[in-house]
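Chemist: So Swiss-Prot says this about it:
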{"type": "BINDING", "residues": "Thr167, Thr276", "note": "K(+) 4 binding site"}
{"type": "BINDING", "residues": "Ile168, Gly169, Val277, Gly278", "note": "K(+) 2 binding site"}
{"type": "COMPBIAS", "residues": "522-538", "note": "compositional bias 'Basic and acidic residues'"}
{"type": "INTRAMEM", "residues": "154-180", "note": "intramembrane segment"}
{"type": "INTRAMEM", "residues": "263-294", "note": "intramembrane segment"}
{"type": "REGION", "residues": "276-281", "note": "region 'Selectivity filter 2'"}
{"type": "TOPO_DOM", "residues": "1-71", "note": "topological domain 'Cytoplasmic'"}
{"type": "TOPO_DOM", "residues": "203-233", "note": "topological domain 'Cytoplasmic'"}
{"type": "TOPO_DOM", "residues": "320-538", "note": "topological domain 'Cytoplasmic'"}
Amino acid sequence: MFFLYTDFFLSLVAVPAAAPVCQPKSATNGQPPAPAPTPTPRLSISSRATVVARMEGTSQGGLQTVMKWKTVVAIFVVVVVYLVTGGLVFRALEQPFESSQKNTIALEKAEFLRDHVCVSPQELETLIQHALDADNAGVSPIGNSSNNSSHWDLGSAFFFAGTVITTIGYGNIAPSTEGGKIFCILYAIFGIPLFGFLLAGIGDQLGTIFGKSIARVEKVFRKKQVSQTKIRVISTILFILAGCIVFVTIPAVIFKYIEGWTALESIYFVVVTLTTVGFGDFVAGGNAGINYREWYKPLVWFWILVGLAYFAAVLSMIGDWLRVLSKKTKEEVGEIKAHAAEWKANVTAEFRETRRRLSVEIHDKLQRAATIRSMERRRLGLDQRAHSLDMLSPEKRSVFAALDTGRFKASSQESINNRPNNLRLKGPEQLNKHGQGASEDNIINKFGSTSRLTKRKNKDLKKTLPEDVQKIYKTFRNYSLDEEKKEEETEKMCNSDNSSTAMLTDCIQQHAELENGMIPTDTKDREPENNSLLEDRN
């Protein structure tokens, strides 16, 4: 609560603090203002500096970061869970003691009424109510209340005013009159920000003192070549230990000796006070049975002032460290994301490069395979063509040789390459080996297949023959008119005997050869042999 008031009212005075940055002399001479000297790094950053930085950032461009709603909701959920956890723990620890106290007071009242028959229960309740009212008014009902001790003497009133402006509010004493309550309201409104200024100044001075001390420690460790992180950790530990010794341990020992508390109760009071919680169950100088010195309560308030400044410096330092840590964490996360994106890009590029290389290699292999296959097809076509030419008569071979010397070679080779599947013939060596043990019927069938192949080839050749070759072909055609008559006779013979497959094949072969310009000279030589074969078959 107190630190919220401090931040709010410090923001009101933060604007005038930024005014000395301007230098009138340099401004009038037309020169840019000299840069302000960079302050030495300090361990603690006061609330005033933080507020000034926020004001300057807002005035320069409105770049002040705003917490997102998701973050606010997440923090709210964490706080609620923290509160529920604390409530469960406190209930488990304190509720049994409260129940035992209720049973104890009920038994005490019953025993008192039984021992004192003249006192009615109503009179006892009235007495207890008066005791509670006196305690709430700051008067202890224990002992003789007619002594000279008072909760509103100068020392006690000064201590109460200190608890108001420090927002501790122990609650052991409070104003009971209407005038006192009204004055307390106004006094708190103007006193809390005033004390905030004082607290900020003391925090700056404490931060400067401890910063110089820590700088000396850092110099000592730098000579020993210790890393910067270790130096800061050691400096922080030393700062916290020194503050705990000065503002927690020593006051706890003093309170234990003066107030008669245990060590736990003394430390409990110190921490509750310096954190401005102030439950009021333990208050320094609140025991009516102890005769305190006049300077005791003002000294306690001065300790509260310096201790609050120390705790404010520590909390501010922790907040700054959390901001720096959050910023570094964001930067590290950004770097991790950048590295991840770079790694992903590299992996993608390598994958693409590998895929490209594989595709190129596969394409090259396919090209090589296609080239080898094409070469094999060409070689097979040439072998088959040579085999077909070997089966022709010498006159036809001479004609094809004359055609090969011209432009027919490329056209015939292209025709063979375009139709490799139609040239499924065996090589000459295999044909010779197979022909040695084959029957006459197989020989006739082979000649028939050769004639069909020759017919197909000559159909393609006709389409690609140039004009000069066509003239040679026509001349050769006129020269073989006598042979055409023999073809007609052979066709008549084929028509008369349709049941003979071999003769039909021979007729088709002769017809195809004559039709394509091939004149088999050995036809007459084979006629007697074919006739004898047909007679034997019939």
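Counting begins at 1 with the first residue displayed.
Using N, Cα and C of the backbone, Cβ positions are placed for all residues, glycine too.
Please go over these features one by one and say how buried each is and what sits next to it.
Modeler: According to DSSP, Thr276 (K(+) 4 binding site) is assigned to coil rather than to any helix or strand.
Sequence-distant contacts of Gly278 (K(+) 2 binding site), defined by Cβ-Cβ distance under 8 angstroms and a gap of at least six in the same chain, are Thr163, Ile168, Gly169, Tyr170, Gly171, Val272.
Residues 1-2, 5, 136-138, 187-188, 191-192, 194-195, 273, 276-280, 283, 285-286, 292, 294, 296-298, 300-301, 304-305, 308 of the same chain, all 6+ positions outside the intramembrane segment (154-180), place their C-beta atoms under 8 angstroms from a C-beta of that stretch.
Here the intramembrane segment (263-294) has long-range neighbours at 1-3, 140, 142-143, 147, 149, 155-156, 159, 163, 166-172, 247-248, 251-253, 255-256, 300, 304, 307-308, 310-311, meaning same-chain residues at least 6 beyond its ends whose C-beta is under 8 angstroms from one of its own.
Per-residue confidence over the region 'Selectivity filter 2' (276-281) averages out at a pLDDT of 86.
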Chemist: Provide, as an integer number of angstrom, the distance between the C-alpha atoms of Val277 (K(+) 2 binding site) and Thr167 (K(+) 4 binding site).
Modeler: 8
Chemist: By a 10 A CB contact count over all chains shown, which of the binding-site residues listed here is most packed: Ile168, Val277?
Modeler: Ile168
Chemist: In the topological domain 'Cytoplasmic' (203-233), how many residues does DSSP put in helix, strand and coil?
Modeler: 27 helix, 0 strand, 4 coil
Chemist: Given the K(+) 2 site residues Ile168, Gly169, Val277, Gly278, which other residues of that chain have a Cβ within 8 Å of the mean position of their Cβ atoms, reported in sequence order?
Modeler: Thr163, Thr166, Thr167, Tyr170, Gly171, Val272, Thr273, Thr276, Phe279, Gly280
Chemist: In the structure shown, which of the binding-site residues Thr167, Thr276 has the fewest Cβ neighbours within 10 Å?
Modeler: Thr276
